[in-house]
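**Q** Please find one structure pasted underneath; my questions will follow.
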């Protein structure tokens with residue numbers, strides 16, 4: 001019987017969770033889920049899996065990016081101060097942080113598929129309610145609930161990871177960024193059309209449609225076979241593998257599926273066990289820093305566009321009746337985003353796919369650690385370059401590169417985290433990492449929307465410093481997961 005590679009485990013001295021092994025009858029052929037996945041290979045099932053689970057990124061991007069385009073309108077409608085606008089984004093990620101740990105724990109205990117379905121139902125329900133929010137307080141509360149539901153969307157990535165053969169993970173998982181990009185561009189495009197005509201409340205209702213549609217197609221995706229064997233449900237795992245083999249026109253290995261059930265699934269203490277502690281802490285630092293930088297870039301872009309802060313230019317003068325302007329203005333004379341601003345947001349957002357081919361090549365040739373170190377270091381550099389006095393075109397170029405780099409960082413850390421933890425704690429590992437990620441996202445609005453008004457250079461230097469720390473942490477991670485079979 002083939003055995004999984006042990007070199008990577010030795011790098012951090014991973015301990016096997018004690019299990020009661022039942023030896024098969026002498027001479028009987030056996031196989032594991034890992035061997036079955038590798039034998040079946042890539043085929044039609046994986047294409048369907050990639051399209052459906054990848055599309056969860058469209059729904060997530062639309063819900064998260066929604067705040068960036070709606071903030072100027074609620075600022076005006078409810079006469080909000082800077083800190084109140086920043087609090088909206090912070091509370092979305094607070095909900096994400098709290099529920100991410102809980103849903104990750106539940107996914108390791110009760111299944112990835114069930115939690116994924118629950119999270120989409122939850123997010124869609126509260127997203128629709130948000131469009132009827134009668135006040136600022138209700139809006140903040142309901143968006144926090146949406147953030148809680150969106151936190152469970154990470155289970156889609158875990159299901160993809162656990163079904164993909166080893167050699168395809170480094171290529172297909174980064175390509176999932178295409179779906180996030182599509183969602184981001186879709187919400188910006190919709191905002192430019194819907195907001196001036198029927199308002200931001202209808203934008204929120206339309207943005208919830210992709211999540212509702214995805215709920216209807218989840219039935220075509222089975223529960224993870226790796227999860228099923230970890231709970232001792234070998235029959236369900238075998239049925240799933242046979243279904244995949246049939247769709248791919250392949251065959252499962254000969255023999256009996258034999259893999260011991262794991263005890264103690266989804267335990268937080270396993271993440272901070274001395275054997276995992278260093279890896280876990282460094283992953284948490286990287287997740288926090290990447291989210292801080294990513295949402296910092298998004299919100300900084302909005303602030304630059306909303307206030308017209310290019311090369312120290314003064315904010316646009318108050319709107320006067322009859323003045324010619326491409327921007328739209330509210331009855332309370334707020335300076336809102338117009339067609340030119342939306343075009344700039346689309347251009348900078350498109351940067352998220354610009355480095356994708358290079359990122360895929362890098363993580364498969366240089367490895368996850370070195371690739372992440374390079375992109376984080378470049379992110380730190382471009383934050384500093386944003387201080388340079390330049391034209392509007394130059395600023396857009398810097399924002400374009402920043403979006404490309406922070407997107408590459410997210411690609412790599414998602415893959416690394418899903419690969420470094422074993423099945424019994426993979427969802428919890430992703431959940432806790434996602435929670436720390438949202439801590440960074442919660443802080444970012446106050447730097448981009450509050451501190452930046454007091455010190456533009458200070459805010460950018462803070463973003464740059466955090467990215468530099470993450471680059472060092474990535475380089476010193478104790479294990480490289482490139483080419484390693486899932487545990």
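A Cβ is built for glycine as well, from the same backbone N, Cα and C atoms used for every other residue.
Positions annotated as domain 'Major facilitator superfamily (MFS) profile' by TrEMBL: 49-482. The region 'Disordered' feature in TrEMBL is assigned to 1-28. Residues or ranges marked as transmembrane segment by TrEMBL: 47-71, 83-106, 115-141, 178-195, 281-299, 454-477.
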**Q** Test the contact criterion for the transmembrane segment (115-141) and the transmembrane segment (454-477): 3 or more CB pairs under 8 Å, pairs 6 or more apart in sequence, then answer yes or no.
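**A** They do not touch: fewer than three Cβ pairs between the two stretches lie under 8 Å.
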**Q** Count the CB pairs under 8 A between the transmembrane segment (281-299) and each of 47-71, 178-195, 454-477, then give me the winner.
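**A** Looking only at 47-71, 178-195, 454-477, the most contacts with the transmembrane segment (281-299) come from 454-477.
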**Q** Do any residues, 6 or more residues outside the transmembrane segment (454-477), come within under 8 Å Cβ-to-Cβ of it, and if so which ones?
**A** 279, 282-283, 285-286, 289-290, 292-293, 296, 300, 309, 368-370, 372-374, 376-377, 379-381, 383-384, 386-387, 409, 416, 440, 447-448
**Q** What is the pLDDT of the domain 'Major facilitator superfamily (MFS) profile' (49-482) when averaged and given as a whole number?
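**A** Within the domain 'Major facilitator superfamily (MFS) profile' (49-482), the model's average pLDDT equals 80.
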